[in-house]
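Colleague: What TrEMBL records for 19-419 is domain 'Oligosaccharyl transferase STT3 N-terminal'. Residues annotated as transmembrane segment in TrEMBL: 84-104, 116-134, 140-159, 171-187, 207-230, 237-257, 269-287, 299-323, 358-378, 390-423, 468-487. According to TrEMBL, the feature region 'Disordered' maps to 437-456. The domain 'STT3/PglB/AglB core' annotation in TrEMBL covers 536-592.
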Amino acid sequence: MTSSASFRNRNRVRATTLLTIAILTLAWLAGFASRLFAIVRFESIIHEFDPWFNYRATHHMVQHGFYKFLNWFDERAWYPLGRIVGGTVYPGLMVTSGLIHWILNSLNFPVHIREVCVFLAPTFSGLTAIATYFLTKEIWSPGAGLFAACFIAVAPGYTSRSVAGSYDNEGIAIFALQFTYFLWVKSLKTGSIMWASMCALSYFYMVSAWGGYVFIINLIPLHALALIVMGRYSSRLFVSYTSFYCLATILSMQVPFVGFQPVRTSEHMPAFGVFGILQIVALMHYARNRITRQQFMTLFVGGLTILVGLAIVVYFALVWGGYVAPFSGRFYSLWDTGYAKIHIPIIASVSEHQPTTWVSFFFDLHITAAVFPVGLWYCIKQVNDERVFIILYAVSAVYFAGVMVRLMLTLTPAVCVLAGIGFSYTFEKLLRGEETKEPAPSTASNAKNKKKAKFTDTSNGEEAGVSFTVRALIAIILVGLLVLFVYHSTYITSNSYSRPSVVIQSYTPRGGLYIMDDFREAFHWLRENTPEDARIMSWWDYGYQIAGMANRTTLVDNNTWNNSHIALVGKAMASNESAAYEIMTELDVDYILVIFGGVSMYTGDDINKFLWMVRIAQGEHPNDIREANYVSASGEYTTGAGAPEAMFDSLLYKMCYYHFAETQLGPNNQIGYDRARGYVIGHKNIKLEYIEEAFTTYNWLVRIYKRKKLPNRPVVKKPTIPLEMEKVSQGKNKKGVIRSAKA
């Protein structure tokens with residue numbers, strides 16, 4: 001009997017393992033396939049803006065090697081300043097793609113580095129699902145882990161940053177985030193230095209890949225501090241956090257872009273503070289059994305107060321002395337949503353830095369947004385050390401996601417984990433008909449584990465609390481919700497997140513598909529019709545694409561590291577033509593590129609971004625540029641009849657609407673009707689003196705102008721009647737002067 005039961009148990013374990021592997025494989029394949037819509041509809045192409053720089057940097061690294069990449073000075077960026085690429089990027093993304101490319105070529109699978117970049121994020125989505133499975137398994141159960149893995153494989157909140165062609169840091173960073181958290185929970189549960197070291201290595205990979213690593217290095221210390229405050233200190237916590245912090249700090253400093261930031265910036269100081277507190281608590285626990293209670297309380301209260309006060313004084317002294325950098329403006333913008341608009345308008349100008357609407361939560365999370373509080377409640381109800389971590393993760397991520405829509409990306413994994421716990425535990429309750437025996441908390445009593453189940457089969461075939469019919473109906477409803485989640489996720493991924501910004505898809509009045517390829521048309525024209533050393537002035541949004549596709553020098557780009565340089569470009573766009581010409585001459589500008597959507601109804605054009613150009617320029621040049629001069633008397637921003645004279649005189653207005661009065665696009669064939677804004681422009685008779693039109697794309701989406709090469713000084717006309725002159729002596733040893741003979 002014993003051997004037969006053992007055989008059945010082994011078969012059950014094998015079947016469970018096989019089923020788990022099959023589900024995770026299907027989740028990987030589903031996640032990979034759902035991210036290929038852009039490739040199927042268009043072609044294998046890099047999307048958006050930042051991915052073009054990442055691809056260009058990766059291509060340079062593959063061609064010239066890693067060390068030359070670290071020392072690469074990009075003269076085509078931020079003219080005339082240039083950019084040292086190796087010291088200003090997180091190289092993890094480039095190294096990952098380069099390593100995959102090298103492995104494939106070593107195995108005689110020749111593939112272009114572009115294809116590796118295009119398919120990198122969909123491939124890593126499967127690894128993210130697996131990492132989420134292991135994290136949820138450690139926190140709750142394998143069943144919950146499978147639910148969480150399936151959720152994150154197709155969740156729109158994560159898919160938005162990981163579709164094919166979206167070659168950005170987040171494509172691999174979310175995997176590193178989840179895997180680091182899994183290793184942290186594992187090291188905390190085991191108290192193993194090995195797992196803590198592996199956690200530090202995973203954190204190092206995260207640091208090399210994405211600036212969001214600061215979230216990790218603050219969440220893990222917060223977890224450790226919460227455990228101390230809750231009275232859950234243990235030797236496991238001491239070993240895991242101490243080992244992790246020391247190794248993680250040393251490893252993170254090896255990334256050139258990070259350098260000494262882990263020990264010289266305020267964002268990293270909380271982790272160091274928790275490290276110090278942990279040493280004090282460990283010392284107190286060591287001394288507890290070696291001194292009297294009164295001595296212990298005196299030492300604990302007095303010593304802790306003195307040390308904390310001393311630490312605060314030392315911190316402020318280091319900040320005041322310049323040894324530790326104060327908190328950055330980006331940090332303050334997370335706690336004050338109006339801070340960036342007042343003090344750092346370039347951050348506020350980015351659409352993904354705006355506060356999140358309630359619609360966005362449902363849009364990116366669907367049913368998981370309603371279910372994850374259930375999983376959160378289950379974790380609170382049966383709390384233990386690792387569940388404290390997911391509770392803190394969820395609460396902090398919800399707050400930050402509400403402040404900035406971009407941070408929905410960090411909320412999605414937590415929501416998927418807790419939604420997986422909620423669905424798993426509920427299904428187990430409904431389908432098994434008895435209380436699920438979850439791993440009890442470390443402080444739970446034996447009596448709690450022996451409580452009678454709420455759902456117990458009775459002799460008449462019904463449950464004590466809920467009948468079988470009701471349970472079956474609830475299960476069917478939940479399955480229906482899961483089907484709706486998959487449908488919603490696929491629909492959103494297909495129609496909202498699989499449209500490359502360089503190829504715009506629209507529909508004709510009859511519902512037909514219409515593709516506008518104006519961006520690549522313009523960049524191809526620049527590449528073929530301008531000198532290789534031509535310098536292009538545009539707003540910073542398009543810098544990476546111009547450098548990547550047109551291979552031309554730009555003044556500003558999406559790195560936005562030099563606010564003064566961007567403000568100067570904004571000033572040129574907002575100034576009148578003669579003043580803008582002086583700025584362009586100083587910057588050696590050859591061509592100017594603007595995006596205009598008045599014909600194609602593209603609302604993301606430069607006209608709609610113009611106020612941000614004015615605000616950024618005003619921050620650096622308040623005496624020359626004032627936002628009040630570019631709005632109507634009623635405070636309305638418009639380019640119509642009520643627009644102020646400063647708007648009509650601005651270089652951007654003239655470049656966008658030059659020859660626009662010749663079009664008839666309105667409902668009644670109105671002349672100069674702006675379809676993107678829905679009204680007729682205010683000033684139609686536009687003449688250019690210092691620049692000339694060079695190229696306009698088919699749909700007027702991209703317009704390129706050339707700066708005229710005016711002479712240095714006006715030509716002096718020769719006199720028509722020659723004057724008779726004579727030389728008059730001014731005395732001995734003095735030079736003569738020329739004067740008229742009639743004088």
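Cβ atoms are placed via backbone N, Cα and C, with glycine included.
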Colleague: Restricting to CB pairs under 8 Å, which listed stretch, 207-230, 237-257, 269-287, 358-378, 390-423, is in contact most with the transmembrane segment (116-134)?
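Modeller: Ranked by Cβ pairs under 8 Å, first place goes to 390-423.
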Colleague: For the domain 'STT3/PglB/AglB core' (536-592), what's the mean pLDDT in this predicted model?
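Modeller: PLDDT averaged over the stretch: 93.
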Colleague: At a threshold of under 8 Å on Cβ distances, which of 171-187, 207-230, 358-378, 468-487 pairs most often with the transmembrane segment (269-287)?
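Modeller: Between the candidates 171-187, 207-230, 358-378, 468-487, the best contact partner of the transmembrane segment (269-287) is 207-230.
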Colleague: Any chance the transmembrane segment (358-378) and the transmembrane segment (207-230) have 3 or more Cβ pairs under 8 A, given the pairs are 6 or more apart in sequence?
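Modeller: Answer no, regions not in contact.
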Colleague: Quick check on the domain 'STT3/PglB/AglB core' (536-592): DSSP residue counts for helix, strand, coil, in that order please.
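Modeller: So the domain 'STT3/PglB/AglB core' (536-592) is made up of 33 helix, 6 strand, 18 coil.
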